[in-house]
Amino acid sequence: MGQESKPLIRSTTVLGVIRDGKAALGSDGQMTLGNTVLKHSTRKIRSLYHGRIITGFAGATADAVTLLDRFEEKLDAYGGKLERAAVELARDWRTDKYLRRLEAMLAVVSQDKALIISGTGDVIEPEDSIVAIGSGSMYALAAARSLLKHTPLSAREIVSESLKIAADICIYTNDHIVIEEL
């Protein structure tokens, strides 16, 4: 009769910002299952392609790791060309029956490009060089846009402050923040 009951895993807020040729991507560390916090210090960001690209994930962890592995393969296959690798991953995501069932999103930054690869296989390049995914993404995005527009803060500082704001508002986001920079 109805849908299968599947545990709802909410696990993050990931935010990336590019400013003045420098990129930063960070995430909180909380992983929850339903209304229970499972872990406070989950690492959800990784440096890829010889340290030239940073990616973070939101969604089901096993699904996200599968997508990260596939994305890394695409980066290697296309010589580190971020957009090409993202489009090829999205193409696979849409056409592969196994990948279509994965419940995850990726946020990806290089020094000059920010992309979101959505759970539907879309590649989105935001106009303002800010990427945000996960349960607290809209809070972090709003904070980052304001800080980018009205302060001289660095990309790293904007990511840090914005994730702290999201952690104050979103119950699925904590203040155990990890940030990587390019």
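Cβ coordinates are placed from backbone N, Cα and C, and glycine is handled just like the others.
What Swiss-Prot says about this protein:
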ACT_SITE  Thr12  active site
BINDING   Ala167, Cys170, Thr173  Na(+) binding site
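Residues Ala167, Cys170, Thr173 make up the record's Na(+) site, and a Cβ search at 8 Å around their centroid adds Thr13, Asp28, Gln30, Ser135, Gly136, Tyr139, Ala140, Leu163, Ala166, Asp168, Ile169, Ile171, Tyr172, Asn174, Asp175 from the same chain. A straight line from the CA of Cys170 (Na(+) binding site) to the CA of the residue listed as 'active site' spans 10 Å. DSSP gives Ala167 (Na(+) binding site) a helix state. Across the fold, the C-alpha of Thr173 (Na(+) binding site) and the C-alpha of the residue listed as 'active site' stand 6 Å from each other. The distance from the Cα of Thr12 (active site) to the Cα of Ala167 (Na(+) binding site) comes to 10 Å.
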